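Peer 1: Questions regarding the structure given below will be posed in turn.
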Amino acid sequence: MSLLIQSLNHQIIDGDNHRQLLVDLNLSVAPGECVALMGDSGSGKTTLLNLIAGLEPIQQGKIAVAGISLTQASDRQLSQLRKQHIGIIFQHFNLLTSLSVQDNIEFSAKLAGRYDVMHGLALAEQLGISHLLKKYPATLSGGEMQRVAIARALNSKPKLLLADEPTGNLDQQNSSQVVAQLVQLAKSNNTALLMVTHSADVAASMDKIYRLQESSIRLVTD
Amino acid sequence: MQTKPSTKTNSEFFLVLKAHLAEYLNKPLLNLGFILSLAIATSTLLCILVLNHASEQQYQAANRGLKSPVSFYIVANSGDNISRHDFSHLKAQGFYQLAPIHLFGKTLASGKKISFRAIDILPLVLAMPKSFTTHHINLSSKYAKALGLTLNSTTDINDANQITLADGQSLKVNYNQINDWGKVALVDLPLAWQLFPDIKGFSHLMVTAISADEKARLAAALPEYLSIQEAWSLEEREGFADALHLNLSALAILGFIVSLFIAFQAADQAWQKRGELAAKLRLLGVELTSILKVMLCEALLLTLLASIIGIAIAFALVSILLPILGITLEQLYQLRQSGHFQWHWLYSLWAFAISAVAVFLALLKQFRLISSAKIALTARIVPQPFNYRASAAIGVTLLAVFLLWPEVYGQNSWHLLMIKYGLLLIASVALLPNILSYLLKGMSYFTRSFRVKFVVKDARQQVGRRYLPLAAFYLALTASISAALMVNSFEKAFTAYLEQLLSADLFISYNPKQKNKVEAWLKQQDDIDEYVLFKQTVAKYGNDTLAVHALMSAKQQNSLLFKARSSKQQATGQFSCYINEQLSLKKGLALNEQFTVEQGLQQLTCTITAIFYDYGNQGYSVKIPLKAQEIPLSGWREHGFAVYFKGRNNLSTAALAEQLGLDNEQIFLPEEIKTMALAIFKQTFVLTQAIAFVLLIIACFGLFLSANNLELARKPDLHILSSLGYSRIELFSHMLMQWLLLAFGVLLLSWPIAGLLAKALVAKVLPASFGWSMPLVLDIAPFALTSITGLLILLPALAIPLYKLNVRASLS
């Protein structure tokens, strides 16, 4: 399994109150499988992504990415895990604005020690951004920036791809194109994809749709 | 597919480094403000340190130059000359350090007085054979000009000029360019006796520095008609020079705190910009250690760059300020000081260390935040809100330490006192955000208008964000006000002191032979209200030597500036005495205490009835309000007469000197001395004021940079207000009012703290280091002028970034 979550419990402090956000949550995503995670605002979708990315400490339960448990991992081990096995695509792209498109795409692959010029170029070709390689993020449109972010995330050949509302800043046409390319690339690279989205259309492109509701996760469509 | 192998650690480090460097390549002006503010802060502090160091070196050099080769003189008590027999008798007893001198005057044919100094001129002839001769009178060009003599400058040393005296006697004169001896003509002693048969023996004997034992042996060997007279010293001026040095040191410490704070807040803001990049890198899996290593390298390079620019600016500043210091020293010591300094490699190290401390402290803070803060998927480090409780706790703790810190007045304890009051300053800085917050809370409570209430409430929310620049402004303002207060107190106290000390209209000094003629003239003058004789002797208090003065009249008593005076009536038959503040503080003597001084077997016990200020004097002094003959001490020496006229008098000192047969230097107008002394004083503090002003400007520059960054960071908030209908001018006035409100709060706190610091300097640090103090003069002018200057500098510093922000603001 690329991602395995077992009996995950998580509570947050809201003022003086402790609120149970996630209760006994179980989830698994296989290599090449694309999963959509939906839910109302405040249901805990982003918190779950943060927990999987090792950005928040696990309070109770188990999360394993590519067979590596995050539960007792140190900060250094979590960094290694993000570097080696997790790719993240953000709603606000989070490109390194001072680096060119090519440098951005190469960055995570070099960081993971899996730098492959041809792979990067192939990804750029498939995403239709090969003519933008020398440009800087500030000069790109939202759709172009998200394609660069996808290329960067996939270039390091991660086992798991986390996407936090990747189409949140894109129009309908761009949104459909980007999601289609993302799913196709994830499958061709045998990478598991867990995408948080509010869009039913985007979710419909995935293999499975889960809904987070009242602290628990429920499979909506298979 | 080809996969390039890579060394993991190195590649990660270089990748992060590349990302950091790319920031600079894309934005060449990135961190320019930070580098400049750090450089300026470094240079300010460096400048103060260098000036302080240079002044210390120059004072030492000046003091070495001032140490007279003459330790004391041997003079005849009765006004007669010292005979050749006395001289040979002392020499025969092994006192080879004696150098005989005869000072006398003659009148030229032109009617002008000429002064002669007869000495053993052979050493000068051997050292400068082209300038001095034993065969003729040696006259310097300046003195010849002053006497109105026109001499042939090409004349050979052996083919001398001639001058004619009033009695027709012709004298051969050697004209030279050596003006070091002042207004005297030098003549070899045997030649003087030969040319002027009326000159007998010597007027006095000069004695070079000898041991205390040897001096005691010499004193014992002197016949009773001869006595020892101490050489004139520059003690008083040294005291003021030391006070200046202390001021510089105090300002250096304040400057250090201000500069460090400005540099720290500039560094803090620069590192905050790094927060977003660090968060993105962390999301991509970059390890903390790699980010830290790159940030350390960046910090090192920034520190190096800021140090180099700081050193260059310090060089320029010192080049401007050091000549002022040179002029000050020249005026204080009448010495020609070049005012230049040599660059020492340690200065560069200081500059680097100062920058490094600020940069690395800020880096440490930011790194703690990066490593401990929650990083969200939005790649933002969630900022922690300002901790008012922690700030208040630090402030209260420091305040408690300040209050419990004992005030010790031991030798060199001024450093401890400075630390104590430094703690007060830092405590007030820590309490500043809470004070401002409560002040604004109170203001919002009393405000009715919705808009004003919003400005005040919004300003209250901004206190935490704007804390560092406000604290820097507060520190600079407080330092400047306390410096201004200190200078003002020095000026007022010194002026009052001079007014009283030099209250006479005329002062006439005389040698014993001239006394009768001078006194006879004084008695004949109807327009003289009073003339007062100044008499002094020395006595011992324990192991310390005291100068004992007899206060012969009410006018002399009135010339003293009293610190404290007893209201108790003195019992009949008891002596009363006034002691200087130095004696009171160092020996723990208080009013109404019995006090005994000794002079050999003689003793004088008196009750201390007053303590008087004696600014700048490093010695102990006792004044007894009685005629000298009524005081059971001996060895009285007369200094001269202080003359008080009944009305305004336009007497010519030159004419009077001629009439009484005195040298021009023997008569002076105290008013002239007062004017000269005040001019020296003003010069002395130009440097202090200049440094205080530079500090204020630097703080405002820091504030400018901070305001720029802080307001740009507030852009989203302003856009919300703009969308709600605020016009640009309304936004501008909203922000400006907030800053001014905060600046006003800063002013309110800085006034009392500055007053306390100034009080500590003049009333505590001065006595701890020199043994004398002065009253703090709390005029409104130093407060108001410095505050207005600070606000005036502050306005453009705030208005420009606010204007830039609002003009460019748009809803996009």
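Note: Cβ is positioned from N, Cα and C throughout, glycine not excepted.
Bear in mind that TrEMBL entries carry predicted annotations, made automatically and left uncurated.
Features from TrEMBL:
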| type | residues | note |
| --- | --- | --- |
| TRANSMEM | B:29-51 | transmembrane segment |
| TRANSMEM | B:244-264 | transmembrane segment |
| TRANSMEM | B:299-325 | transmembrane segment |
| TRANSMEM | B:345-365 | transmembrane segment |
| TRANSMEM | B:386-405 | transmembrane segment |
| TRANSMEM | B:417-440 | transmembrane segment |
| TRANSMEM | B:467-487 | transmembrane segment |
| TRANSMEM | B:685-705 | transmembrane segment |
| DOMAIN | B:691-805 | domain 'ABC3 transporter permease C-terminal' |
| TRANSMEM | B:739-760 | transmembrane segment |
| TRANSMEM | B:780-803 | transmembrane segment |
Peer 1: Top stretch among B:299-325, B:345-365, B:386-405, B:739-760 for CB pairs under 8 A with the transmembrane segment (B:29-51)?
Peer 2: B:299-325
Peer 1: Take the C-beta pairs under 8 A between the transmembrane segment (B:780-803) and each of B:345-365, B:386-405, B:417-440, B:739-760. Which stretch has the highest count?
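Peer 2: Result: B:739-760.
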Peer 1: Among B:299-325, B:467-487, B:739-760, point out the range having the most Cβ pairs under 8 angstroms from the transmembrane segment (B:345-365).
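Peer 2: Result: B:299-325.
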Peer 1: Report the mean pLDDT of the predicted model across the domain 'ABC3 transporter permease C-terminal' (B:691-805), rounded to a whole number.
Peer 2: 77
